[in-house]
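Pulled from Swiss-Prot, these are the features on record:
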TOPO_DOM  1-76  topological domain 'Cytoplasmic'
MOD_RES   Ser4  phosphoserine
TRANSMEM  77-97  transmembrane segment
TOPO_DOM  98-111  topological domain 'Extracellular'
TRANSMEM  112-132  transmembrane segment
TOPO_DOM  133-188  topological domain 'Cytoplasmic'
TRANSMEM  189-209  transmembrane segment
TOPO_DOM  210-322  topological domain 'Extracellular'
CARBOHYD  Asn265  N-linked glycosylation site
CARBOHYD  Asn268  N-linked glycosylation site
DISULFID  Cys276-Cys309  disulfide bond
CARBOHYD  Asn286  N-linked glycosylation site
CARBOHYD  Asn299  N-linked glycosylation site
TRANSMEM  323-343  transmembrane segment
TOPO_DOM  344-367  topological domain 'Cytoplasmic'
TRANSMEM  368-388  transmembrane segment
TOPO_DOM  389-445  topological domain 'Extracellular'
TRANSMEM  446-466  transmembrane segment
TOPO_DOM  467-485  topological domain 'Cytoplasmic'
TRANSMEM  486-506  transmembrane segment
TOPO_DOM  507-510  topological domain 'Extracellular'
TRANSMEM  511-531  transmembrane segment
TOPO_DOM  532-599  topological domain 'Cytoplasmic'
Amino acid sequence: MPSSLPGSQVPHPTLDAVDLVEKTLRNEGTSSSAPVLEEGDTDPWTLPQLKDTSQPWKELRVAGRLRRVAGSVLKACGLLGSLYFFICSLDVLSSAFQLLGSKVAGDIFKDNVVLSNPVAGLVIGVLVTALVQSSSTSSSIVVSMVAAKLLTVRVSVPIIMGVNVGTSITSTLVSMAQSGDRDEFQRAFSGSAVHGIFNWLTVLVLLPLESATALLERLSELALGAASLTPRAQAPDILKVLTKPLTHLIVQLDSDMIMSSATGNATNSSLIKHWCGTTGQPTQENSSCGAFGPCTEKNSTAPADRLPCRHLFAGTELTDLAVGCILLAGSLLVLCGCLVLIVKLLNSVLRGRVAQVVRTVINADFPFPLGWLGGYLAVLAGAGLTFALQSSSVFTAAVVPLMGVGVISLDRAYPLLLGSNIGTTTTALLAALASPADRMLSALQVALIHFFFNLAGILLWYLVPALRLPIPLARHFGVVTARYRWVAGVYLLLGFLLLPLAAFGLSLAGGMELAAVGGPLVGLVLLVILVTVLQRRRPAWLPVRLRSWAWLPVWLHSLEPWDRLVTRCCPCNVCSPPKATTKEAYCYENPEILASQQL
């Protein structure tokens, strides 16, 4: 059989990432609102019809109706209880990461020579937020250092950008709980990816612009100059009021310790609170409690009338590292269990008319000519809910499972997540207004920079519908990740750990070394993206050889060889989908080019 491939060889039948993405592109490129699918295919982006298979209410007897009502009440209580424990597990998870990484985070922030490099500042913001699992904690460190004159506002801007990127890791971790079902995982992971893609695209535009013009710094200065500011009351703490009774029985941390470590004023080497109050004069005691050594004393100050804290680790002799590992394992176990329960209960509750009503309310659009208004109302709703919860991580972690079960579409989740970015900066603004008078202006300027950064991102990637690039990119990423589930783990490791660490290491060597290595790599990636887009949209503009990637080794343009390698290393087959979902394909090139060629 003749072949157009080099060497007259037909490759082994595979389904690679290019085939999957190309199919998605063809579906999105049609003028109809319904995707064009091959025969026998189902569109995973279409919200599934959650049909009610139970017996109609009118046909039930009195006992059956009582059982139905009791079951509904129990499901509602189970859903609320699972959601409560899910939120508490996120709080404990954040405490665990702070115990494991806060000392490192504080030491990293001390190095002003490294922070003067914008790329290094960005990477440090990503790494620290990933370590402590809390954008509020990372922002508080930056605000404290700016107020203490250890950092300038200009140096803090790239760090704030990195904090914004690092906060999207939580929703990605949550989406992994739905990896058991291919379509649910595709929708859930695309929802988590759209948040990270938006943040990275905004950074790619604004970081060079800020380095050249100091745009965000000047905007924040103008806003401060035009406003009449007075200290306000402390920001509301709605969510903490609900979670504190449980989480404070597990562990309590010294919230000022991380900032003290970063500013060099640390007096106690342990983050765990052992004394929560005093009724007498304190007496000084020696402390040798370390992160990796035994604790001989709990605090550097021992009250005359001791009022010990009441939590599981109040009297522990374990190190911060050991306590952090215990909390990490326990919180992850509870988190995964609650997510499984939430997804199962949502699948059980959201049936028939209930599902239709919920979908209609969340995904509704206004009639023409006001159809564009629905997305902006979703932005406001996301900002308001995040402000009420005071946690963007909790809000995004709640949206992702709803996307997986088919309640929220990707097009509606996108503005909700953008609103969440705005909502978390509003909380920071109120917290800055509650700062002491001598620190209020510095804290407020950093909070305003965070706000303007997210607002600029919305103007860039949402205001003009044609520029809403994170949505198709997240769809394509979801297609590939659903086919090769191990890609999700690679994305987490590369996007939030390995690549930031590599960039940080190069920045330590110097700006010239970073530019010498990073410049060609970034240029190569941009060139590959440009050629790939032209292959699919305008292949006639390219030389014949560049109209496909078939001339490259298969492992450079297909994930199939890597999938076989991962499958051999993962005998439980968790990293790969069932064989029933695998289809055959005989080429990797652009189908428009090969349409007239004989294989």
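The chain as shown is numbered from 1 upward.
Yeah, the Cβs are placed from backbone N, Cα and C, and that goes for glycine too.
Counting residues of the topological domain 'Cytoplasmic' (467-485) by DSSP class, helix then strand then coil, yields 15 helix, 0 strand, 4 coil. Shown for the topological domain 'Extracellular' (507-510): DSSP residue counts in helix, strand and coil, namely 3 helix, 0 strand, 1 coil. Within the chain carrying the topological domain 'Extracellular' (507-510), a Cβ under 8 angstroms from the stretch's Cβ atoms is held by residues 114, 117, 119-120, 123, all 6 or more beyond its ends. The C-beta environment of Cys309 (disulfide bond), restricted to residues of the same chain at least 6 apart in sequence and closer than 8 Å, consists of Gln252, Lys273, His274, Trp275, Cys276. Residues 117, 119, 503, 542, 546 of the same chain, all 6+ positions outside the transmembrane segment (511-531), place their C-beta atoms under 8 angstroms from a C-beta of that stretch. Looking at the topological domain 'Cytoplasmic' (133-188) alone, the prediction's average pLDDT is 80.
Distant neighbours of the transmembrane segment (189-209): 118-119, 122, 158, 161-162, 164-165, 168-169, 171-172, 174-176, 178, 215-216, 396, 399-400, 403-404, 408, 410, 413-414, 417-418, 421, 453-454, 456-457, 460-461, 469-471, 473-475, 477-478, 481-482, 488, 491, 495; these residues of the same chain sit at least 6 beyond its ends, with a Cβ under 8 Å from one of its Cβ atoms. For the transmembrane segment (77-97), the list of distant contacts is 131-134, 137, 170, 239, 242-243, 246-247, 250-251, 253, 324-325, 327-328, 330-332, 334-335, 338-339, 341-342, 345-346, 349, 391, 393-394, 397-398: same-chain residues at least six beyond its ends, Cβ to Cβ under 8 Å.
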